[in-house]
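Database features (TrEMBL):
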BINDING   T245  Ca(2+) binding site
COMPBIAS  584-596  compositional bias 'Polar residues'
COMPBIAS  618-636  compositional bias 'Polar residues'
COMPBIAS  657-667  compositional bias 'Basic and acidic residues'
DOMAIN    442-529  domain 'PA'
REGION    578-678  region 'Disordered'
Amino acid sequence: LLQEYARKALDFIWEKRQRSSNLVGVTINIHTGDWVRKDSGVGAGIDSYYEYLLKAYVLLGDDSFLERFNTHYDAIMRYISQPPLLLDVHIHKPMLNARTWMDSLLAFFPGLQVLKGDIRPAIETHEMLYQVIKKHNFLPEAFTTDFRVHWAQHPLRPEFAESTYFLYKATGDPYYLEVGKTLIENLNKYARVPCGFAAMKDVRTGSHEDRMDSFFLAEMFKYLYLLFADKEDMIFDIEDYIFTTEAHLLPLWLSTTNQTISKKNTTTEYTELDDSNFDWTCPNTQILFPNDPMFAQSIREPLKNVVDKSCPRGISRAEESLGSGPKPPLRARDFMASNPEHLEILKKMGVSLIHLKDGRVQLVQHAVQAASSLDAEDGLRFMQEMIELSSQQQKEQQLPPRAVQIVSHPFFGRVVLTAGPAQFGMDLSKHKAGTRGFVATIKPYNGCSEITNPEAVKDKIALMQRGQCMFAEKARNVQKAGAIGGIVIDDNEGSSSDTAPLFQMAGDGKNTDDITIPMLFLFNKEGNIILDAIREYEAVEVLLSDKAKDRATIFKGKMIPNYIIDSNLEMENMDQKLSENDSYKQNSEEATSASQDVGAVGEEPEEGGSSDVADPDTLSSAHADSDSVSISNQDSYVPGTAEASAPEPACTQGDHQPQEQKTKTESNPKVNWDNKAQPMESILADWNEDIEAFEMMEKDEL
């Protein structure tokens, strides 16, 4: 009966897996069957599920358990395993990490991998955990990807000792006896108290809690005893038993008690995997390896300094001057994803680039793919520098999005484009009036060298393309040419603020106080709106500001373009006309004042490149999960242009100007409208369609 209930629970979780990733969440609502936490890992909340799938097969002989385990294991190694790390991911978006830290319960996983027979990643993860222990004396309840303490407690958990025992059985490497010795010495030195062993309240200070959990006696001492016990010390053959998650022993003869379920499951619901995951026998640890200690040592070697500040030792000034010392061939702060030489160095260090669908680039390091053990160490050091730099950038202040508002004819402030800010230059939030001027395309378009058309750029807002150099370098070049502001347009074709999270442009690691002009970033789609306007009207004037301005404010006083004002109309009539047309704002202020945090990119990829999330020297991600960032500008594009006979913006639905006023304006010789403008009916149709779409989106949001 108990087996039936346990099987029912396993079946239910299996059915609730995410089918595209084959991962399961951490916490499930037992009443509704919905995932409460949709992140997936191998640590707390989920560890026993994976362990029991494999051990249920070993104990009961039901092939379906092995098939399920192998399906999950393939997903774990595909998404969660980032050797030597095991990082939680989202079950629906498994390429995105859900955490930047790991919990101590995942220390059991190398032991389970030994039972599975996948020894190499088991050695890698175990060695990483051992380096953390050597740094903090115990394994903290949680630690970050750069191996700093996240949760400082340690309740004397046995999972690491468990994996140490199984790795010693699999490899016969006496190194793991030394690991066990370290565990015992640390327990006696830091945790032993008159009445037993006390849990650590803080591994950094060595303070205790007044508790000793039962698993410490049931598991920790058991695994340590078995680690050092000789065969003659055992009164029974340990190979005839399998351990539960709490280190209780179950005899393998239980698998012979019910032959009806010991048959291969031929169901087609399991994923077909092109590897050896579906072998129908588990490897015997006694013959898994020919007791060759050098095998495990060769895998551990690149990881021996992974925690020790990412460097094996400090480098003196004398060594630096002589060019000696273990200096890596590429430092994280110097890396550029567009540099072919840098990419070749990464390949040599075992670091590969993964281009994500959202345009970002992810760096992954596999020590086994490095050209040599020294190159693997360089790769690990490089990755740790990346992690640390990224962590530093994440702590920097994040800025809200800015606005680029087209104020010239025929837009008159109706078109507001959501723009990414810069961490340097003029702070538009402190200059409420913003920066207003006509735009000019610079030469060279990338802005990475001295501007060759300064006469066209002087006193204007410079347009330039992203790529080939740092944002700050572009800003300095256009500022030197006399520009009063700059707009960087993404070179990634089709990118848009509607589908991608905005980011803020970071500096180049140097002092950027010399940059005084405002700089904003537009995705490709929004940038093309300005470029198309230039091709159509030549003279295009924009306003760079912290948020969209009311058109009555834009055209107040001297800011009113002469061609809008009829010579026979007085100033108050103009104010009245602007007031009557307030409906054209289309909630632009609301669309741009949604102050959601944005990331920061300072490194420039080549043409056709994309933002590099793995370059924290110049990148500051403002979100752990891209789902949490969604900045859109519902009023970012107005298809069509103003009617040639209309001095005011196109009317909204049901809003018609008096015929007398239109006729009067048409007769005004001062008005110089483009004869190629679209027919009024086309403009009204496009404009009303945009209004209806915006209203529908607004209802959906409410």
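Every residue gets a Cβ built from N, Cα and C, even glycine.
Helix, strand and coil counts under DSSP for the domain 'PA' (442-529) come to 20 helix, 17 strand, 51 coil. Listed in sequence order, D47, S48, E51, Y52, F108 are the same-chain residues at least 6 apart in sequence whose CB falls under 8 Å from the CB of the residue listed as 'Ca(2+) binding site'. Averaged over the domain 'PA' (442-529), the predicted model has a pLDDT of 90.
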